[in-house]
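Accompanying notes for the structure given below.
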Amino acid sequence: MDSSSSNDQHQKKEMTNWVNLENDGAANQGGSSCKEIWTGKTAQNVSSSMVRKKSDPVLVPSNVRFRLFRQFLANLQEVVLGTKLALLFPAIPLAIVADSYKFGRPWIFALSLLGLTPLAERVSFLTEQIAYFTGPTVGGLLNATCGNATELIIALLALYQKKINVLKYSLLGSILSNLLLVLGSSLLCGGLANHRKEQRYDRKQADVNSLLLLLGLLCHMLPLMLRYASTSTPGIFNANSTLQLSRASSIVMLLSYIAYIFFQLKTHRQIFESQEEDEEEEKAVIGFWSAFSWLVGMTVIIAVLSEYVVGTIEAASDSWGISVSFISIILLPIVGNAAEHAGSVLFALKNKLDISLGIALGSATQISMFVVPSCVIIAWIMNISMDLDFNLLETGSLAFSIIITAFTLQDGTSHYMKGVVLCLCYIVIAACFFVHKIPQNTVNEGARQSGVLAA
């Protein structure tokens, strides 16, 4: 027993030395240590930390002599086994094998969707590791770009395949999921766990995000209202006008998001920094270049699985008897953001609502004000017609979700009843899109020139 304990301690000490050696090299290039550089985290940085776990050095035997190989094993253990979602990693090779051997396309879709769940959480972990070395500004920008990498990659692949409605549905679903399901379940669970005391949060962060979401809603409603205003008078409707308005609005949305990032990382950084009590100061567990390499590799895998998801979604819809709109708006966001959702709920259980609100509202704002307009601009570059007209049903659901969320958060206090209302709103919207059937021949580019369906 003493010999085994001594060997374990020796292995842990050697692993720490490898990580510290790589960290010191990256820190020396930057001019200071990672502990001195990264001093604060936003809620999105810590959103998936609750589903991570500390792993023992079982993959690194003491008799392995090659330093690089031992370092690779140590990093492999931290990246792959350092999450409670590690059990889902086998779905990745199974999805690739299923595609290679031409298994049923619904199976490929299901396995790919499961494989994306741990990958999304690991991308968040790796961007956090890189942020320890790059500093708060670059780290914040990296998080702002990669925070919803899975949704962005799926959207770009859907855009490349000209499945405009799948793209719009998936992005709309991510916003609705964060505003109603994630926030609602967090308020519900937090309220039940802390029902004997009043839960409070800082309204400043919620107010900023609500304002940006309302601006994004305006940019979505104007093309829709322009189309209806034009079609009310026969002979004057021009789809190109809606497209041009959408592109101009997308530029405005991106400019507002840049201003939001500057506001968040520079002038009012204290509003968005997460406050975690009674926790040890964290430090990087893998080196900069190791984290960067793993991030590139996992991004490639996400792209492969996302291509499977986009390419097989119609087959899954036919096989399961579920509409494409329901799969894109409900299933994709729930499975793809499972780690982030769980983190938000766990923070609410600990009565840390500021972090939970930062996760839900921050992610919704990022998708609405960065991912959606970015797709419109990229489609413009690719000479593909994509506008901000999400149709009447979809835009109406988005509008009521944002308004209800804003009313819910207006007083700075919370209880479980607010969570109940938000969750019930999400269930009603999910039921609506479950019965909302779309003909398969209109899933790709849509009936209208701008690439969307007529109302």
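Backbone N, Cα and C define each Cβ position, glycine as well.
For reference, TrEMBL has these:
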type     : residues : note
DOMAIN   : 107-265  : domain 'Sodium/calcium exchanger membrane region'
DOMAIN   : 292-434  : domain 'Sodium/calcium exchanger membrane region'
TRANSMEM : 79-98    : transmembrane segment
TRANSMEM : 104-120  : transmembrane segment
TRANSMEM : 141-160  : transmembrane segment
TRANSMEM : 172-194  : transmembrane segment
TRANSMEM : 206-225  : transmembrane segment
TRANSMEM : 245-263  : transmembrane segment
TRANSMEM : 284-305  : transmembrane segment
TRANSMEM : 320-339  : transmembrane segment
TRANSMEM : 359-382  : transmembrane segment
TRANSMEM : 416-436  : transmembrane segment
- Taking a Cβ cut-off under 8 Å, which residues six or more beyond the ends of the transmembrane segment (359-382) line up next to it in the same chain? 42-44, 47, 144, 147-148, 151-152, 155-156, 159-160, 167, 171, 174-175, 178-179, 182-183, 186, 205-206, 209-210, 212-213, 215-216, 219, 246-247, 249-251, 253-254, 256-257, 260, 272, 337, 340, 343-344, 347, 388, 405, 451
- Note on the structure: Maximum Cβ pairs under 8 Å to the transmembrane segment (172-194) among 104-120, 206-225, 245-263, 320-339 is reached by 320-339
- For the transmembrane segment (245-263), find every same-chain residue at least 6 residues outside the stretch whose CB is under 8 Å from a CB in it, and list them. 140-141, 144, 208, 212, 215-216, 219, 222-223, 226, 365-366, 368-370, 372-374, 376-377, 380, 386-389, 450
- Where DSSP helix means H, G or I and strand means E or B, what are the helix, strand and coil counts for the domain 'Sodium/calcium exchanger membrane region' (292-434)? 119 helix, 2 strand, 22 coil
